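Straight from TrEMBL, the features:
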| type | residues | note |
| --- | --- | --- |
| REPEAT | 1-78 | repeat 'Solcar' |
| REPEAT | 87-180 | repeat 'Solcar' |
| REPEAT | 190-281 | repeat 'Solcar' |
Amino acid sequence: MDFVLSGVAACCACLFTNPLEVVKTRMQIHYRNVFHAFYTIGKVDGLAGLQKGLVPGLNYQFVVNGVRLGSYAILESGGYIHSDGRVSPVKSVAAGAVAGMLGAVIGSPMYLVKTHLQSQSTASIAVGHQYQHQGMLHALVCIRKEHGILGLWRGASAAVPRVMVGSACQLSTFSAAKEFVSDLQVFPLNSWLVSLSAGMISSVFVVLGMTPFDVISTRLYNQPIDSRGKGLLYSGFISCFSQTIRKEGIFGLYKGIGASYFRLGPHTILSLLFWNELRKVYYKDRQLASRPR
């Protein structure tokens, strides 16, 4: 049930933040800034253009965060992230990284398809390489047919460290911040405002840690490939990282950070809030059901 609750929480957040993901993906390839991307996509592709890739996005969120948050929840419930009753920074970072790795490996095909679909646009505003997928299932079948089963994991070399770093930052800071805010006693015990505040603190660390990996991951997933499925622009994570640094400098790794925060920030806050509150409701109901009558 922890995996299901985690997946549902992430999907709820995705409904609100998918337009920001579309803008962020396009910005990391070409557009100048958040407002330019929003205006151009809305004007040419319409409002529906801002929800491109929603179906694979929801599938990706359910799978990746179901596994990631669910695994962390089990470790947290088992006391594995605590030392002497307090959150251990080292243990929580390690648990978040391991949970992130599991989620990223399992969800990588969905992220590949999501990136392809969100990058597709009308020819007049097309940026980067354009795939011509007709939907999520069509994309999965085409990639599998052209490049084999391993082709679905192209770009995973960037996605796995990206999600590991983001997960370690997000979950460790969320656990620590939730404990810190509770200690301040600003809000009532077990108030949803504690989770909201902790999620806001966590969101800053997530964006700072994930954006460089996010830029590289987007470029690896979206680059054109040859008949053998080999990238024509970058050979892998290190190649993309070094080329970006050489051509654009260190700030090239933070391209689209404004859009990244507008997407990752709200998504982090909402997904952690929904996750925490759904777990509280579920376990409270279980406790009530288990009481003798």
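Any Cβ shown, glycine's included, is placed from N, Cα and C.
Shown for the repeat 'Solcar' (1-78): DSSP residue counts in helix, strand and coil, namely 69 helix, 0 strand, 9 coil.
Averaged over the repeat 'Solcar' (1-78), the predicted model reaches a pLDDT of 80. Broken down by DSSP into helix, strand and coil, the repeat 'Solcar' (190-281) contains 73 helix, 2 strand, 17 coil.
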